[in-house]
Amino acid sequence: MRGKKFISLTLSTMLCLQLLPTASFAAAPATDTGNAGLIAEGDYAIAGNGVRVTYDADGQTITLYRTEGSGLIQMSKPSPLGGPVIGGQEVQDFSHISCDVEQSTSGVMGSGQRMTITSQSMSTGLIRTYVLETSDIEEGVVYTATSYEAGASDVEVSWFIGSVYELYGAEDRIWSYNGGGEGPMHYYDTLQKIDLTDSGKFSRENKQDDTAASIPVSDIYIADGGITVGDASATRREVHTPVQETSDSAQVSIGWPGKVIAAGSVIEIGESFAVVHPGDYYNGLRGYKNAMDHLGVIMPAPGDIPDSSYDLRWESWGWGFNWTIDLIIGKLDELQAAGVKQITLDDGWYTNAGDWALNPEKFPNGASDALRLTDAIHEHGMTALLWWRPCDGGIDSILYQQHPEYFVMDADGRPARLPTPGGGTNPSLGYALCPMADGAIASQVDFVNRAMNDWGFDGFKGDYVWSMPECYNPAHNHASPEESTEKQSEIYRVSYEAMVANDPNVFNLLCNCGTPQDYYSLPYMTQIATADPTSVDQTRRRVKAYKALMGDYFPVTADHNNIWYPSAVGTGSVLIEKRDLSGTAKEEYEKWLGIADTVQLQKGRFIGDLYSYGFDPYETYVVEKDGVMYYAFYKDGSKYSPTGYPDIELKGLDPNKMYRIVDYVNDRVVATNLMGDNAVFNTRFSDYLLVKAVEISEPDPEPVDPDYGFTSVDDRDEALIYTGTWHDDNNASFSEGTARYTNSTDASVVFSFTGTSIRWYGQRDTNFGTAEVYLDDELKTTVDANGAAEAGVCLFEALDLPAAEHTIKIVCKSGVIDIDRFAYEAATLEPIYEKVDALSDRITYVGNWEEYHNSEFYMGNAMRTDEAGAYAELTFRGTAVRLYAEMSFNFGTADVYLDGELVENIILYGQEATGQLMFERTGLEEGEHTIRLVQNAWNINLDYISYLPEQDQPTPPETTVTVDAMDAQLVYTGVWNDDYHDVFQEGTARYASSAGASVEFEFTGSEIRWYGQNDSNFGVASVYIDNEFVQQVNVNGAAAVGKLLFQKADLPAGSHTIRIVCDTPVIDLDYLTYTTNA
């Protein structure tokens, strides 16, 4: 096992870091006998606060160390200095010339030490100067600057690679934070596990350019800590911070675009910060943020954040474009009662982007209508926000028609559209306003003043804060086309300053939909969004990242979705909601809004350095509020959820104080009398546990109930079925004062329950014996109850059972055994919804719909339309209905009607994700209902609809049965060949290479699936169900095994037959699965 390398340093050893007097040259190598074996003799070294850097002149490598107390922890392997890329190859033939060390300098981060390394390439003649600076102030940070001098001829470089660091001490896994903005975070998740035990090779480019704004930072870390590398620039520029898996670790580096280095000239290629840190990415990002402060990129101070930035918010986007002024005003009483203090008027209020004029269809009386809305909001004690898109000048706008000189022009002289991440387009995005055109920025300021002074809004939600295309407009006199991209934040700065001039307490949010935020926009906002996360764990991890970059006090929002509530509250996020809530959804919202309003963790101090994501047993977050520590532990959606129930450790408490641990969601004590220096306890939870540590001066007398959340069933309960001879026993030490015992061999008791856990409580005594315990007719263990007399003992428990009906049976095998009580954790069986695929003939389509395909869809296909008013309709008999669709930035909005009544507008626009529950309505009366999905704006789509059929009893749980290709139940016709490989389900498969060969299987169930291969030499098969042709399946494609090739659901109850016929060889069968009700 490779552990951390930790070596003690004496004072005399530390003094060895002071290699030479100030401004000395041609420095002698370091001599560090106290660290023999770690620091090689002859290496050069500099040190700063929490960091040490050594340079091996012979190997031309840099090694980073983290100092901890009086010791060193090696963080990087000896890593090469970066080089120029010429002709597709990195130049690496540099020879050492000199290494100069200054022990006391004033550098970019103030006082520290500096090392200057000079070397020359034999093949190109380039002289490289590599400068490293440490800081006495910023912990763990190293500043690096690189320059090149050309010799007698020009040198054309396509790319410059700066610092490169390979992590030291990795074992089975590394975690990587990736701030690049080249694509939506659904696919380019910011936090990824690099599994060193698999055969894959992790690689992320992490780009920032004219199509991708980003956090220009990457981090790799293990349990001992990690290394962060980020761009050290006061303005945005093109930069990559790639992370690449190596043979036994991973490396992080930085690079910038190439240039032509003219003969005899010197160019600076780029500057960067590296941070060595303990813990996870939070510490790395915080170190980067602190270093960037020295470059003038400074985040808002706590005093600059208005109270409204911490308020609970509701947004009109839940109605899409179908809102009206009166509809919003009519909602205010309800929202005020729920504790909402902020209202956002979202998209749909304006005529054209760029003009940002009130839409007369929404505001027939113009500004007076806008004031009617904002006045009503203010009368309810709320603030009013207005949605817009900064930098967007529109396409059909008056602004573009009258002032085309304000706009970015591409290389062909055409107006350039604002890009989506990675360089795509979006129908809602217009032409880009150039930040170097004075009139362009003035137009943004004019809008801000109009919205605040004439319409009464208190702040703004800026959306689509992605990147800015390069500008070739000759009227702007750009130093280079990249200047428009590099200066994009000027629009944000000037707009924000105009907001503050109108109201010092103005609210301003900028949102990078689905990508990391533009780092250079951060100083100009008072709240930051987690930006369209697609899972709860993405929400939590982004909160932690932005708290590191903005400050522990800075308000961060979660997304508007009910499953986000526990993640928002526990991480100290600001809750926002957009839906027109009713029924159980409204009750859930009011519950969590009430909890959030009580604890107010969004106003607390986020503490991000106590737990390491990916290495502590649970995904954990901590917020301190008014002197009380709040902890949030999560398993739902986590990338590394533990097995079982590890002990929970509360870090950061006062070691000299005693605490009671309270689950503040359910108002229950989960542990008590814990000292801060050993605050460890154990409790069971499913998705999350949110607790606070309450200081107590005296120990609590009452123990914590271990059966909290369990239902107790006494020995006399009629649900218990006794067989054989049993006797009643009465004693105050028993639960309810009674128990039942037997000394008859094979006497038994049976108890059936619906739940996920079961416990048997009884006695131990010297005359007691043994009992067999059966669970669902399977012998689990033999319990020995013989021992010192004790009542109320948990003699057996089974936890984490499937949510289903179970039976426990206790059989006496020797001596005496007794039953005091059972305790079980109840579960409500999820009702079984009947699914109706988009291609089902049960769905009626009106208008122009087209079929399209994706393996992630329910049945591999969906329907879409962009025709105005086109609709899809399903009639069903049931008590609940759900509608599933794909989300994408290419989709718009749709109206949902239920039994002819408009009930909701759904938003399909957003972070790319398939199989999304877009609409749900429960509690319908039994009988026939009709759901209709109607196109409202842009493209819409439908994956499937599910409904809960009428039923008197819950549908039994479904069971999935797997049938291997070699199973005797399968009937093969024609020539089939056996295939053996460990990639197959059971190591075997069968394939047909002749047309007409078939395989048939009879089953009883409601769903059937065929799994097999795709390959470039495979062909086509026809699938029949109950002798009726269903689908032709094309299995030709890129090689892949274990693919779901065919699926048929919604089969009526009963026996069915599937037949697969080879039309064009080759086809294969790995296995079938079918679903039946147990």
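Placed from the backbone N, Cα and C atoms, the Cβ positions cover glycine too.
These come from Swiss-Prot:
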- 1-26: signal peptide (SIGNAL)
- 306-570: region 'Glycoside hydrolase 36 domain' (REGION)
- Asp463: active site, nucleophile (ACT_SITE)
- Asp532: active site (ACT_SITE)
- 699-1078: region 'Not required for activity on soluble substrates' (REGION)
Any same-chain residues 6+ apart from the residue listed as 'active site, nucleophile' with CB under 8 Å of its CB? Would you list them in sequence order, or say none?
Asp347, Trp387, Trp388, Arg389, Cys511, Cys513
For the region 'Not required for activity on soluble substrates' (699-1078), report the average pLDDT of the model, please.
91
Specify the count of other C-beta atoms within 10 Å of the C-beta of the residue listed as 'active site'.
22
Tell me the coarse DSSP state (helix, strand, coil) of Asp532 (active site).
coil
